[in-house]
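**Q** Mind having a look at this structure? Questions to follow.
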Amino acid sequence: MGFENDNEQIYKNLTDSKTPKTNDKWTLYLVLCVLTVTSASFQFGYNISSMNSPAQILNDFIFNHTFLFQEYFDKKALFELNEGWLIGNKTKYEDEKYKYEERQVEYLETYYNNDEEKRARMDKEKAEKEELIRQKYNKSMTVDELFEYLKVVLENKTNLLEEKRVLLENGRQRVLKATDYLWIITNCLFVVGGMLGAFTSKYVLDILGRKKGILFHNLFSISASILVFVSYYVKSPICLIISRLLFGIQGGMSCSLIPTYLSEISPAALRGQTGVAHQLCLTFGILIAQILGFRQILGNIEKWNYLLAFPIVPAVVGSLALLIFFPETPKALLITKDDKESARKALQLLRNRINVNSDLDEIENESKSSNQSQDSVSFGKLLTSSKLRWPLITSLVLQMAQQLCGINAIFFYSESIFKNSGIDANFIQYAVLATGLVNFIATIVCTQLIDRLGRKPLLVFPMIVIIVNFILLTTFLKFQSPDEVLIPFLNIKLENGRIFSYLSIVCIAIFIVCFAIGLGPIPFIYVTEVFRQNARGSALALCMLTNWLANLFLTLFFPILAQILKHYVFIIFAVIVFFSVVIIIVKVPETKGRSTEEIINKLNKNKSNNYEKSERLMSSYTKA
């Protein structure tokens, strides 16, 4: 009897629409779905890091096989041919002259003795040689005169060749410079591709939806992998360069498509953790690229194309798994396609329970409050809507802060810091790997904290630590030296300034941890939480475009700033982070456990409160 009562209670919980949904936990299906979708995030992270290890090899590949440089290589080949001819003839000249001088000694010895027969024979040989000279050079000259003539010819050839050598070296420098430009273009094309992907992601989401959009964007990764793999065999840097553009498009789209899909399949209680999954797999991709990039594995001259083409594996596997086993997001099915039954089935699979009425009710409420559930918000409306203004501004601030906080500067300086700390050059690749490992582990920690502590604390407190950290790092970089250093004001002498390199490494680790639990994942999550379904595509596209523009700005100008300011460049990043954290404290609401409607109302309420305060202030001023 008790058993029957238990069954009745279970059935009641499964079917009662008032059953709370806050108890939702990870289900096996949800885990597999998240892992499948974030294979695209893995590709993006992998492509960020994959070219770092074989950079010099790829530079040489561009240098040696770019058809624009063929004229230089033709001249180089001709020069080497002439140089070989000159060296050979100089050697032959020296040998013949040596033999001739020996014969001259013998001739003189014979000339002054009484052996007339031998003297006659040698006179005859000399006459024959002089006849050969006349026939060959069309000149009457003695053998001695011939050697003098050949000496002048060889000297002229040598001088001419030296002039050619100077011209060739100038040509080589031009080619090297052009190679550097091509290398910069190759890297910039990844960012340009990211911008294109970010901008077009809105149309992909609107036209194809979430699931088909992810399948579509994986085609760019597959195409790029094939191109870069083939480039090694056809000796075509153009294929390599185009592949970076395609990889960038995939990366740009993934920053919108993946967070959108994850936010729309996850229950409110897990929205933070599923959102972090995008950044977690991105950092995992960076880590795997660093490992496979070791010279002993794939980062060598024979296998670099395998290294760069590896993303085809997660792209194909992830696409097949998503196509066969996992549905479109419930929100897209219900709001965009108005297919309630398909949305219910998708939710039942994802939640692993029959009763999903409360989830459906929440989606329907969002649909009703959007007013235009069928029509997506355009870029123009997004920029002009007063209700969406602060969600957009705060989202853009977070995106710019993520790129301009100094993460690229940290990785730029890390190798030189490792060198100055005394780490052997052969082991620096392992030190760089350690930074990737710290990044990955810290992101795992973030998945456990984000739905406990909330988004805002994980942004604010790590960013404050980053500001202090940059000030310390600037100080340590100033004093790092293998020799004795004097610390001003304190008048302290250190026998070995290398301790500051070790302290700089600690600062790098602290920064990576702070970035990984705050500015790394949360900007992607935040933008999916503060916009309704019909505005989410446009908002994500605009935010990701801003993110990539900031990335492009750093790619182009950071090396110049670093050259001018050196280690003081981190002060600029500290100032940027300071202003960003002020805006976050004042304007960014906590989004943990709140629906999109609650978050938007909170942002607009803050705006109304600020407006009312300013009105009261103006009123009191007028009365006074």
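Including glycine, each Cβ sits where the backbone N, Cα and C put it.
Keep in mind that TrEMBL annotations are predicted by a computer and have not been checked by a curator.
Feature list, courtesy of TrEMBL:
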{"type": "DOMAIN", "residues": "137-592", "note": "domain 'Major facilitator superfamily (MFS) profile'"}
{"type": "TRANSMEM", "residues": "26-46", "note": "transmembrane segment"}
{"type": "TRANSMEM", "residues": "181-201", "note": "transmembrane segment"}
{"type": "TRANSMEM", "residues": "213-233", "note": "transmembrane segment"}
{"type": "TRANSMEM", "residues": "245-263", "note": "transmembrane segment"}
{"type": "TRANSMEM", "residues": "275-294", "note": "transmembrane segment"}
{"type": "TRANSMEM", "residues": "306-326", "note": "transmembrane segment"}
{"type": "TRANSMEM", "residues": "427-446", "note": "transmembrane segment"}
{"type": "TRANSMEM", "residues": "458-479", "note": "transmembrane segment"}
{"type": "TRANSMEM", "residues": "499-527", "note": "transmembrane segment"}
{"type": "TRANSMEM", "residues": "539-562", "note": "transmembrane segment"}
{"type": "TRANSMEM", "residues": "568-586", "note": "transmembrane segment"}
**Q** For the transmembrane segment (245-263), I need the partner stretch with the highest count of C-beta pairs below 8 angstroms, choosing only from 213-233, 275-294, 458-479, 499-527, 568-586.
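**A** Counting Cβ pairs under 8 Å, the winner is 213-233.
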**Q** Return yes if the transmembrane segment (568-586) and the transmembrane segment (306-326) have at least 3 CB pairs under 8 Å (sequence gap of 6 or more), otherwise no.
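**A** No, since the transmembrane segment (568-586) and the transmembrane segment (306-326) share fewer than 3 Cβ pairs closer than 8 Å, they do not count as touching.
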**Q** Same chain only, please: residues at least 6 beyond the ends of the transmembrane segment (26-46) with a C-beta under 8 Å from a C-beta of the stretch. Say none if there are none.
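**A** Same-chain residues near the transmembrane segment (26-46) but 6 or more away: 214, 217-218, 221, 247, 250-251, 254-255, 257-258, 261-262, 265-266, 270, 273-274, 277-286, 288-289, 310-311, 314-315, 317-318, 321-322, 325-326, 349-352.
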**Q** Quickly jot the same-chain residues contacting the transmembrane segment (213-233) by Cβ under 8 Å, restricted to those at least six beyond its ends, or write none.
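**A** Cβ under 8 Å, 6 or more out: 37, 40, 43, 61, 197, 201, 204-205, 239-240, 242-247, 249-250, 253-254, 257-258, 261, 304-306, 308-312, 315-316, 318-319, 322-323.
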**Q** Mind checking which residues reach the transmembrane segment (458-479)? Cβ under 8 Å, same chain, six or more beyond either end.
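**A** Same-chain residues near the transmembrane segment (458-479) but 6 or more away: 398, 401, 405-406, 413, 417, 446, 449-450, 485, 487, 497, 500-501, 503-504, 507-508, 510-511, 513-515, 517-519, 522, 566-568, 570-571, 573-574, 577-578, 580-581, 584-585, 588.
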**Q** Taking contact to mean three or more C-beta pairs under 8 angstroms, with sequence separation of 6 or more, is the transmembrane segment (499-527) in contact with the transmembrane segment (306-326)?
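**A** No, the transmembrane segment (499-527) does not contact the transmembrane segment (306-326).
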**Q** Using a threshold of three or more Cβ pairs below 8 Å, and leaving out pairs closer than 6 in sequence, do the transmembrane segment (275-294) and the transmembrane segment (306-326) count as in contact?
**A** yes
